[in-house]
Amino acid sequence: KKKSGIAMCVGCGSQIHDQYILRVAPDLEWHAACLKCSECSQYLDETCTCFVRDGKTYCKRDYVRLFGIKCAKCNIGFCSSDLVMRARDNVYHMECFRCSVCSRQLVPGDEFSLRDEELLCRADHGLLLERASAGSPISPGNILSRSFHIADPVSVRQPPHRNHVHKQSEKTTRVRTVLNEKQLHTLRTCYNANPRPDALMKEQLVEMTGLSPRVIRVWFQNKRCKDKKRTIFMKQLQQQHHIDKTNLQGLTGTPMVAGSPIRHDNTVLGNPVEVQTYQPPWKALSEFALQSDLDQPAFRQLVSFSESGSMGNSSGSDVTSLSSQLPDTPNSMVPSPMDT
């Protein structure tokens, strides 16, 4: 905190009277003895990198060790030149990107799964699934085959198979109606809008399709029956999938494909703050006075003149009289306006 231009140390909270003030971006000021790493107590200045986190200052080494990204396998940090592999939010060294069972290194293009933060190649993941599901009544392979059977057309239109032979007199000839694409499209559109059409809608369908009312009635009955069976079957599959997933005890991982290694970016660590050295304006005059043979009374008058800030209010004759008492200054020293 600053009070009327007075520099206050962030570390100890007292006013800074030192020769140097260390300023940490954006507006933090420290004693030179107070600005040090909170972990290793290394003094920090403008010659090293300083990090500030949660009000504490750290050197670069400790900041990377505490807050830097580490390999999910060996728990060691990365260098700026390291190539890394990523799986979800985990980052790995290329040498650490291996199957946790067979230790085979995964290369770009390999399929793998991430289970309990462990990498598994496709072969080992399949073996674990087979072992875990060995005692279950329905294996994952059977579930897949059943789900594939849903897409197959249901053979409702096929004539039923007779196990016994009827007499010739008992046989009845039934005409099988074959619907074309236009008729099917019309019936399906109406079914999606209303699975149970009323008499008026059925009459309109008779005119639009050219089918008999009986055929239309039977088609809607069969369609509702098939949809009901399909809904029940899907519900049973979901329940069985939930049971198998519980029996696997978390062995189901997320299938992934290894990508190409990328260069590790150190910018995730955050931008280091800048430490600047501040030197009061009278310091240069003080050092010059110690190295030169100056008239001490005249020098004290000059210092008090610069500290009082009355240079702008003094007359030109006073400045001339003071400067005449000083020896010739080197050409490298260029006067600049004083800070107030």
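A Cβ is built for glycine as well, from the same backbone N, Cα and C atoms used for every other residue.
Feature annotation (Swiss-Prot): of 172-231, 232-291, the stretch labelled DNA-binding region is 172-231. Here the domain 'LIM zinc-binding 1' (9-62) has, by DSSP, the following mix of helix, strand and coil residues: 3 helix, 18 strand, 33 coil.
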